[in-house]
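Engineer: Here you go, one structure.
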């Protein structure tokens, strides 16, 4: 390539770069330009959340010019934010200047409200509903005994449950009275226990087999004598199913799909897309007419083109010859024939039938789906039993209850609404929440105090709690507990970090940090070693990574705007999250496939904040509605109001032993305590059968030694600042202490999305020569830090340099481009002149070109995710 060509290419590249810079200087019609040049949607300006990285969309100068819409209240003052009118005089200060709580008239209850003894108002429909909606319980005082309907069973505690749930081996009443022997027939039950070889959770068939009790009356005969399907109630279909005229059920999506899925073809009756020629007694002529089927092959012309009287087809039964080529059913028609398939099969090529795998549809079963030839079977995981009436997998054991925050307290509500109490009162600004079921312990974060607390539940009046994380916290919006390994994980949206600590708060470490990210809610899967969190930064996304901070990448990057709460349904292996701007609840499997929108509703999902999954229900909190709702987690149907007037409900979790299954703590299963790690032992993601069970980690500012277990101080570090973090500098080590990284083969999965780049800040990425045990255990406060003042000065200088740099480029860049073009023209002229000079060249036969040999530079095909030196082997510990 000549010098002139090279210079021309440089000139073109600079011109394109200049055009790109100019394009970024302006935003669209419905966009707002941040001070740093970024464009956001105009309706996000002054909405209470910072979408601009520099916060200019929420600055006082910007918000002073905002005009509130109808149904909103203007705070006025220095920051004129808009809040819903419903927040006005609600007893909670929402405006920075407190104007929403000024000049409020004394609280009076309306005619449709009940006044509690403490002065608060609740809806009259909550009175005597067996639920304490007043904190003092006055709404449940002097109530008459509850009367249950004829199809319900009355518990000893006066609550009502469906009669089908009584004596089914599963405690549905909170006091277990639905399973008491005196209510189930003590003599008969005792006799059955003695003579029956089946357990209490099994059904004894008349043909002597034992089957699961939940299989009784499920529509499929499992006993040889079919005794499990005798004396059953009339079959009813699920809300997402269509009931055929013969009583059978098909998935609702198969109704009116132009295919007969019901045996009686009732699923295609009454459909809008049915034409006048559709149906078994209609025939459509080739010329367009529609005639009745009895006029076909009657030796009379009823179609203009005689297509109703073909000579060869009339009175010919094609099914007599090799069944017409049909694999199952051949139906002879007056003209031609058609192949049919039995229930549970579908026609694939006009002749062959194949089994329909109903289990490919995620909504087919509540939990487990077993595909059978021509049918399927729904089953439940351990700890659940299927309800024969609703086909829902119900948890075994005590009744579950919801725990949720409402800024100043943590409340507890049982799912049957028999108990509704204030669990932890008198809090400042509680947001994030999670539990440790086995130890009956609860954890929460307080944004005002900037601390993470822990307490034992149900302490009664003598409530006490501890601050386990009390330093280097800014906005701990998300919290999750690893109940197997005894760790807690939290997000901090200010520095954009995800951190981990033991449940005592003694050891902690930052696992993830990304400039511009805004991690919000987090959920963990300690059984498989993964964590997931929502990020409402730019771009918004959902991230996935190992619990030890490795293999982090973006799982969801499309059709997502403001992801808030996230939860994991372990039995189904699906993630659920709410999007506050899309007003939706969505789900996806843990590998990023099978995405589905469960529900979209601007009223009931006005501003969803958090959600929880239990059995077949999804529960979510809504800040604007000040309420908790529930719906079917598979279909989004059956939306119900669980609680209201909650004063900013935020995080919500479901407390039940089935939500936290037991697992192996490999850090404690080895001979060496703490897995042989000097500081922290963190579970590793189980990507394959060869993945390590755990890896060691060091506090921020320290590195793993060569033994990959002990910790050493970082050397030759260069502190840098990132964002507005004051937790500590992001440090880079010199080549002398760097560890060679292998290429991650899975990184190609996210080439289209820059945010999908995997991050690994595990200190195991570096090592130095040091003997284990030389360095004592260190806390995070001993790591290298940079003061807030120094970081602010550095950030200010950076902004100033950037402003001067932009002005300098605007002057220098055009001059440089013109100079390059002139220089390129001179080179082209000289090149043209040299070509016009005649010359004679003599090739030297001795000189041979030696640069034609190809040089191949190979790199390892192994992934970097788990270097061999990081793996901790149990056999090594035993040795």
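Even glycines carry a Cβ here, placed using N, Cα and C.
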Engineer: Write down the single range among 830-835, 836-841, 842-847 that appears in Swiss-Prot as motif 'NPXY motif'.
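Structural biologist: Comparing 830-835, 836-841, 842-847 with Swiss-Prot, motif 'NPXY motif' matches 842-847.
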Engineer: I'm validating the feature mapping. Which of 808-829, 852-873 is tagged transmembrane segment in Swiss-Prot?
Structural biologist: 808-829
Engineer: Candidates are 93, 597, 717; I want to know which one Swiss-Prot annotates as phosphothreonine.
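Structural biologist: The candidate carrying the phosphothreonine note in Swiss-Prot is 717.
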Engineer: Test of record reading: of 720, 724, 748, 768, which one does Swiss-Prot tag as phosphothreonine?
Structural biologist: 724
Engineer: I'm trying to understand the geometry here, so how far is the Cα atom of residue 97 (N-linked glycosylation site) from the Cα atom of residue 657 (N-linked glycosylation site), in Å to the nearest whole number?
Structural biologist: 45
Engineer: Cα of residue 156 (N-linked glycosylation site) to Cα of residue 657 (N-linked glycosylation site): how many Å, rounded?
Structural biologist: 24
Engineer: Per DSSP, what is the helix/strand/coil residue tally across the repeat 'LDL-receptor class B 1' (398-439)?
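Structural biologist: Per-class counts: 0 helix, 23 strand, 19 coil.
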Engineer: How would DSSP class residue 657 (N-linked glycosylation site) in three states?
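Structural biologist: In three-state terms, residue 657 (N-linked glycosylation site) counts as helix.
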Engineer: If you average per-residue pLDDT over the topological domain 'Extracellular' (22-807), what number do you get?
Structural biologist: 77
Engineer: Helix, strand or coil by DSSP: which one applies to residue 97 (N-linked glycosylation site)?
Structural biologist: coil
Engineer: Helix, strand or coil at residue 156 (N-linked glycosylation site), per DSSP?
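Structural biologist: It is coil.
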